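Asks: Annotations per Swiss-Prot:
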ACT_SITE  127  active site, proton donor
BINDING   12, 97, 198  [4Fe-4S] cluster binding site
BINDING   41, 74, 125, 168, 226, 227, 228, 270  (2E)-4-hydroxy-3-methylbut-2-enyl diphosphate binding site
BINDING   41, 74, 125, 226, 227, 228, 270  dimethylallyl diphosphate binding site
BINDING   41, 74, 125, 226, 227, 228, 270  isopentenyl diphosphate binding site
């Protein structure tokens with residue numbers, strides 16, 4: 001039984017940046033550091049940061065005056081930003097992924113131009129809530145669609161003044177179907193100049209396609225509330241392979257491995273490599289031998305943390 005490792009897998013640039021912001025803030029300002037929502041959707045990462053002094057909250061009212069506050073990688077609405085600015089905080093850092101911010105700017109532009117905006121995304125996801133919360137033009141409107149059926153039932157005010165954008169962590173295939181439906185129903189609708197689904201989502205889904213072709217079963221390391229991790233497991237199943245979304249190696253069942261020759265392993269963009277390594281060790285204890293790294297798209301994108309954190313971090317390292 002052999003282990004095939006998808007490439008790329010695991011952390012993306014936005015996740016690295018968000019975690020680094022929390023870690024740097026803890027080092028510079030000391031605990032507690034308040035973070036609105038889980039900084040990334042991974043239980044291991046969140047628990048590790050919580051042990052080090054991060055406090056995860058859902059409402060700005062939960063943050064005491066004089067505190068350090070960080071927005072999560074998923075982004076927040078204009079209303080939440082206004083609430084935070086109205087508080088007597090020591091300092092505020094925004095860990096929103098720059099690629100999510102790109103979509104925010106698209107919605108803001110639509111709002112200012114009086115265009116109706118249609119967001120393709122999953123209801124209730126914090127990224128969607130933050131993105132829709134950029135729109136404040138009461139004379140037009142912003143709408144959420146999750147399926148082709150939603151598109152067919154959608155009612156807008158002006159079919160000639162529409163634009164659309166997407167959540168960054170969607171299924172590439174599903175999104176293509178929905179955008180095609182939008183363009184068919186609203187021929188004059190305008191889409192983003194560059195795809196809103198982020199490079200990491202696209203690359204990891206392509207890697208899972210290739211992994212599924214060579215594997216008898218696929219394990220996706222990622223938490224249940226991770227959108228991009230769920231999409232990877234769904235894609236493997238669409239490829240006709242048994243697929244399991246696991247938080248850690250403790251979730252692996254030995255009976256999954258019966259009659260399996262090749263086990264595919266990948267990880268969502270918010271899952272750290274330490275979890276993948278533990279999965280490999282557990283699989284080897286259950287009879288797997290070598291692990292093989294598959295070829296894949298090289299990623300070299302880096303997003304810098306805020307300048308103030310970089311300066312202070314340098315001062316600490318030099319002292």
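The chain as shown is numbered from 1 upward.
Cβ atoms are placed via backbone N, Cα and C, with glycine included.
I'm curious about the neighbourhood of these features; can you describe it?
Replies: Cβ neighbours within 10 Å of residue 127 (active site, proton donor), excluding its own Cβ and spanning all shown chains: 25.
In sequence order, 12, 14, 97, 99, 168, 169 are the residues of the chain that are 6 or more apart from residue 198 ([4Fe-4S] cluster binding site) and have a CB within less than 8 Å of its CB. Look at residue 198 ([4Fe-4S] cluster binding site): DSSP puts it in coil.
In this view, residue 226 ((2E)-4-hydroxy-3-methylbut-2-enyl diphosphate binding site) is surrounded by 26 other Cβ atoms within 10 Å of its Cβ, with every protein chain counted.
Residue 228 ((2E)-4-hydroxy-3-methylbut-2-enyl diphosphate binding site) is surrounded by 26 other CB atoms, counting those within 10 A of its CB over all protein chains shown. In the three-state DSSP assignment, the secondary structure recorded for residue 228 ((2E)-4-hydroxy-3-methylbut-2-enyl diphosphate binding site) is helix.
Here residue 270 ((2E)-4-hydroxy-3-methylbut-2-enyl diphosphate binding site) comes close to 11, 15, 40, 41, 42, 45, 222, 223, 226, 228, 229: these same-chain residues lie at least six apart in sequence, with C-beta atoms under 8 angstroms from its C-beta.
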Asks: For the recorded dimethylallyl diphosphate site formed by 41, 74, 125, 226, 227, 228, 270, which further same-chain residues have Cβ atoms within 8 Å of the site's Cβ center?
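Replies: Same chain, not in 41, 74, 125, 226, 227, 228, 270, Cβ within 8 Å: 40, 127, 169, 225, 229, 268, 269.
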Asks: Rounded to the nearest Å, what's the C-alpha distance separating residue 127 (active site, proton donor) and residue 74 ((2E)-4-hydroxy-3-methylbut-2-enyl diphosphate binding site)? Just drop the number here, would you?
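Replies: Rounded to a whole number, the Cα-Cα distance is 5 Å.
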